[in-house]
Amino acid sequence: MDEKHISPTAEEKAYGSSSGDTPPYDGHNLQGADIRLKEAADIYGDVAAAEEYGYVTRGLKSRHIQFIALGGTIGTGLFLGIGKSLAASGPAPLLMGYTLTGIFVYAMMQCLGEMATWLPLPGAIPQFCARYVDGALGFAVGWNNWYQNAITICAEISAASLVINYWQGAQHINPAAWIAIILVVIVCLNIFAIQIYGEAEFCFASLKLITIFGLLIMSFIFIVGGDPAHYAYGFYYWQEHLENVNAAGEPQWGAFVFPFASAVSDRNSLSQFLAFFSTLINAAFSYGGVELVAVAAGEAENPRKNIPKAVRRVFWRILFFYVLGTIAIGCLVPANDPNLLNADSPTAASPWVIAIKNAGVPALDSIVNFVILTSASSSGNAFLYTGSRYMYALAQNGQAPRIFLKCSARGVPYYAVLVTAVVGLLTFLSCGSQDGGAAQAFSWFQNIVTIAQLFTWVSIGICYIRFYHALQAQGIDRNTLVFKSPFQPYLGYATAIFFSIVIFFSGFSSFMATPFAYKDFIADYIGVPIFFGFFFAWKLIKRTRLIPAAEVDLFTGKAALDEADAHWPEQIPRNILEKFWFWLC
């Protein structure tokens, strides 16, 4: 589209001149708000639509992006859900399952980072699928991601109500009160301006980061004997101690828990493998949200610098937070602790809180529990943001009503935010049971959203393979890319294959239960017909096809982004403190 035909509205001019982040419109060059309008016009196809609906704002600074990436890694799964895997499988499968899943999550993020740096669009993933693979896949992934994020809001708020019940006084208050408060707070953080969301996530992520570092240091101290009782835990709970047996004369703990072994004679290598495999679903839930940084790319300042920085650090976040975290929890908390998250407990505590309480450190358990509560609220906040941007991306693709394109003057797609928030009302269903309602609700929500999450990761792998071949077919040298991921396209294939296997066998435990656990089977596999239903419905209605590599749309919207790159100021540190801060953020 010819730039001289684009003139911003009065609202756009005012926005650009007041933001202070980029130069105002000068009548000749597209700067500030004008770049925002150009991006919208490129995506919508005409200026009139851009002026009618508005567009999201690049209001997320570098520190917001880096800490959103951190916050997406540290969540309820690490603080609470990890206890479910420990109780079900034991410390050794916990470590192996989270480590293996982390390796493939890192591979997936390498694929996504390359695509999101090439074309940083709002709600990027369904847009990539529709452009690079098939419109039907974009439709399926978009709606799958939307309901996944919307339901994850319910999972996080259910987790928050569980965490609140740790305090004795809160157990007599209807959890509906806490659910309502958290919903109102996260809607307010999302509805006004992207900068408010960014600042909130920066604060939440900072708190989570400080806490997890403190917990890892504390764990090391406890493991070597620095707790108040001067007891060195070491790897005591990884060993089978015959002096600690249950009513059947079996050891109470050890490196493996054998949930699928009906007798001691059944404790063989197959039982060990099944214990390990059962951790992969919980691990996938824990890592859910790691791709949020790519979704935020469409509202990030200088995305081609900030997105690669965040993606490259995924490996270290996985290593420090999850690998070291699973080792610490496996050493400090026995797998048979009754306070761990399980279906038989009306309440559940974080394994970190259990470790602190067992060690006898006064007051610290309540402090950490409060941080975990803020973590659950933060995750709900993040998934409301992500879900609304997926809805926005679907509307851009023409796969959702165009009303969801409507943005406020500050660039917030408020209809998409509100519709996504409405799904969070399902959390009130967990208030209907007085015996383990929140714990059961959390487990069900966790299973449902995890399968949807896995489909997203499989789709990213498939999408990257098509993107890779499209670059080749259209003569684009990957060495010229701002971010070139290694070992491609093999990481794309590995991502798609591994997560497909996890999906296929995700409900194996329901078949091994006596009688058949049909409720668990439904929760484990309900996402499969939903995803393929979306895919085939759109394919049949629109008669879409697999897009040939030479016809893949790699460039719509790219020109404005390329032009915007020149307007982001270079960060030049003036002292050693600024040098460290610019490296961190």
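For all residues, glycine too, the Cβ spot is worked out from N, Cα and C.
Whatever TrEMBL says is automated annotation, not expert-curated.
Annotation source TrEMBL lists compositional bias 'Basic and acidic residues' at 1-14.
Feature annotation from TrEMBL assigns domain 'Amino acid permease/ SLC12A' to 64-545.
The annotation region 'Disordered' is assigned in TrEMBL to 1-28.
Per TrEMBL, the feature transmembrane segment maps to 67-86 (among others).
The transmembrane segment annotation in TrEMBL covers 92-109 (among others). Panel annotation: around the transmembrane segment (92-109), residues 82, 85-86, 238, 255-257, 272, 275-280, 282-284, 286-287, 290-291, 311, 314-315, 318-319, 322-323, 325-327, 329-330, 457, 460-461, 491, 494-495, 498-499 of the same chain, lying at least six beyond its termini, place a Cβ under 8 Å from a Cβ of the stretch.
Taken from TrEMBL, the feature transmembrane segment covers 176-198 (among others).
Residues of the same chain lying 6 or more positions beyond the ends of the transmembrane segment (204-224) and with a Cβ under 8 Å from any Cβ of it are 67-68, 70-71, 74-75, 78, 232-234, 320-321, 324-325, 328-329, 331-332, 352, 355-356, 359, 368, 371, 374-375, 377-378, 381. Feature annotation from TrEMBL assigns transmembrane segment to 204-224 (among others).
Sequence-remote contacts of a segment are chain residues at least 6 beyond its ends whose Cβ falls under 8 Å from one of its Cβ atoms, and for the transmembrane segment (314-335) they are 69-70, 73-74, 78, 82-83, 86-87, 89-92, 94-95, 98-99, 102-103, 105-106, 109, 212, 215-216, 219-220, 222-223, 233-238, 252-253, 257, 283, 286-287, 290, 351-352, 354-355, 358-359. What TrEMBL lists as transmembrane segment is 314-335 (among others).
Positions annotated as transmembrane segment by TrEMBL: 412-430 (among others). If you look at the transmembrane segment (412-430), the same-chain residues 6 or more away from its ends with a CB under 8 A from one of its CBs are 56, 146-147, 149-151, 153-154, 157-158, 161, 175-176, 179, 183, 186-187, 190-194, 380, 384, 387-389, 391-392, 395, 403-406, 437-438, 440-442.
As annotated by TrEMBL, transmembrane segment applies to 450-469 (among others). Remote same-chain partners of the transmembrane segment (450-469), defined as residues 6 or more beyond its termini with a Cβ less than 8 Å from a stretch Cβ, comprise 104-105, 108, 111-112, 114-115, 118, 125, 128-129, 132-133, 137, 140-141, 144-145, 147-148, 151, 281-282, 284-285, 288, 291, 478, 488-489, 491-497, 499-500, 502-503, 506, 524-528, 530-531, 547, 549, 552, 554.
The annotation transmembrane segment is assigned in TrEMBL to 490-509 (among others).
Under the heading transmembrane segment, TrEMBL lists 521-541 (among others).
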